[in-house]
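Peer 1: One structure follows; several queries about it will come next.
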């Protein structure tokens with residue numbers, strides 16, 4: 001059969017008309033080496049810093065090193081079956097995690113996937129893990145308190161909503177206990193909590209989750225887990241994931257509290273990644289940008305203005321400020337706060353609570369050292385009652401420490417010095433507190449009132465603990481309404497002062513401790 005030229009051209013035109021062109025531009029590359037969770041990829045000319053790269057087996061890597069001939073990426077998950085020659089492709093997206101109220105009460109991994117066996121999470125959307133912190137104009141000064149429930153902290157190193165307060169100390173000095181109690185204290189305050197566990201044993205994390213559940217605080221908390229068995233990449237990214245989940249509440253005019261436990265382990269994970277990527281090491285073998293690692297994370301904790309919230313929610317929320325308060329934890333070696341990472345984080349944060357192993361071992365718990373613990377912005381956020389009644393506490397402790405050191409060398413002391421030493425010992429005893437027993441403002445105010453106005457002077461040192469518990473039991477049973485109102489308002493005036501005085505004096509007359 002012969003076709004003439006007209007038929008051939010018609011046939012070609014028909015075929016061209018029927019041809020459906022579906023073109024999809026893809027930037028692909030080839031793995032050239034795999035080692036210790038780091039892959040080097042040839043190709044991927046259009047890849048961006050921090051972009052997710054799709055690997056075989058529904059896994060992802062994050063591009064961290066963009067070099068002339070190759071891309072260095074860190075694998076998120078298992079990498080043992082990856083091999084040279086495998087094909088990978090760009091996604092055009094940066095890492096995002098699920099956010100929303102559906103995460104409250106759940107335990108998730110760095111990627112926001114549930115690991116508590118309670119089924120899928122009903123999230124409100126996704127948010128990038130790396131976000132630029134709010135600017136200066138979008139921020140507002142810190143003037144509302146976050147009550148930790150610890151007398152020693154709320155009176156001497158108060159924390160405000162939107163503040164960054166570092167908890168620093170050697171291992172086994174009660175850093176995690178302090179942070180967990182601060183979360184438990186928020187169960188009725190309306191502050192949402194996020195606990196980020198980095199590089200800890202799975203058994204330790206399970207214990208923390210159980211304690212939060214026992215004390216009714218888990219329903220108000222998101223637990224983000226990157227345990228010691230996870231890859232360095234997931235440990236490095238966990239704080240950013242938790243922060244994105246906290247920002248969801250901050251940007252909608254609510255208050256949130258996030259605990260990073262602890263950033264020393266995140267810095268070690270980042271050092272491991274950087275050295276494997278062949279980045280030049282600096283002091284203590286950390287990379288040059290380890291300061292930026294923590295500063296870009298902690299600057300996202302802020303109190304944002306009502307205008308920012310209104311703009312973010314497109315007018316749905318008006319006249320409400322939002323806040324994200326951060327409690328980063330840093331572990332020191334033999335009390336050395338001048339090491340690289342501790343000094344970095346101290347300079348970024350708005351104050352630090354320094355926990356001392358010598359105090360902890362001598363039975364003073366929480367082991368807060370009032371001499372070098374400081375809150376740079378929190379005093380503006382203190383409740384009136386605590387502010388008025390805690391003024392003499394720090395002074396009494398400072399004088400006591402000075403005199404105690406001096407008294408070791410002096411054989412005979414005058415009455416005034418003896419009185420100051422005795423008062424300091426009693427205040428130290430009074431500030432001791434058991435774990436999982438946060439105190440409301442009203443109870444703290446009553447106890448501080450008794451210390452401030454000399455009602456402890458005739459109480460024996462070993463009876464201080466029983467005096468305190470009996471006084472609180474008496475006040476809560478006989479003056480219930482007053483204690484409830486004081487816990488709500490945190491106010492202080494002549495009327496409240498007279499009422500506190502009457503409670504303590506009536507109780508002392510009773511003498512039932």
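Placement of Cβ uses the backbone N, Cα and C atoms for every residue, glycine included.
Feature list, courtesy of Swiss-Prot:
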| type | residues | note |
| --- | --- | --- |
| BINDING | 169, 170, 171, 172, 173, 174, 175, 176 | ATP binding site |
| SITE | 373 | site 'Required for activity' |
Peer 1: Taking the center of the Cβ atoms of 169, 170, 171, 172, 173, 174, 175, 176 at the recorded ATP site, which other residues in this chain have a Cβ no more than 8 Å from that point?
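Peer 2: Going along the sequence, the neighbours come out as 331, 355, 357, 360.
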Peer 1: Once near-sequence residues are set aside, which residues in the chain of residue 174 (ATP binding site), 6 or more away, have Cβ atoms under 8 Å from its Cβ?
Peer 2: 355, 360, 365, 366, 367, 435
Peer 1: To the nearest whole angstrom, state the Cα distance for the pair residue 176 (ATP binding site) and residue 373 (site 'Required for activity').
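Peer 2: Each residue's Cα considered, residue 176 (ATP binding site) and residue 373 (site 'Required for activity') end up 17 Å apart.
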Peer 1: Is it possible to get the count of other C-beta atoms within 10 angstroms of the C-beta of residue 170 (ATP binding site)?
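Peer 2: So the Cβ neighbour count for residue 170 (ATP binding site) comes to 18.
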Peer 1: Starting from the Cβ of residue 175 (ATP binding site), draw a 10 Å sphere and report how many other Cβ atoms land inside it.
Peer 2: 25
Peer 1: List the same-chain residues at least 6 positions away in sequence whose Cβ sits under 8 Å from the Cβ of residue 373 (site 'Required for activity'), in sequence order, or say none.
Peer 2: 156, 157, 351, 352, 353, 354
Peer 1: By a simple count of other Cβ atoms within 10 Å, which of 172, 173, 176, the binding-site residues in the record, is least packed?
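Peer 2: Counting other Cβ atoms within 10 Å of each of the binding-site residues 172, 173, 176, the minimum falls on 172.
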Peer 1: Among the binding-site residues listed here, 169, 171, which has the most company in the form of other Cβ atoms within 10 Å of its Cβ?
Peer 2: 169
Peer 1: According to DSSP, collapsed to three classes, what secondary structure does residue 169 (ATP binding site) have?
Peer 2: strand
Peer 1: What kind of secondary structure is residue 174 (ATP binding site) part of, going by DSSP in three states?
Peer 2: coil
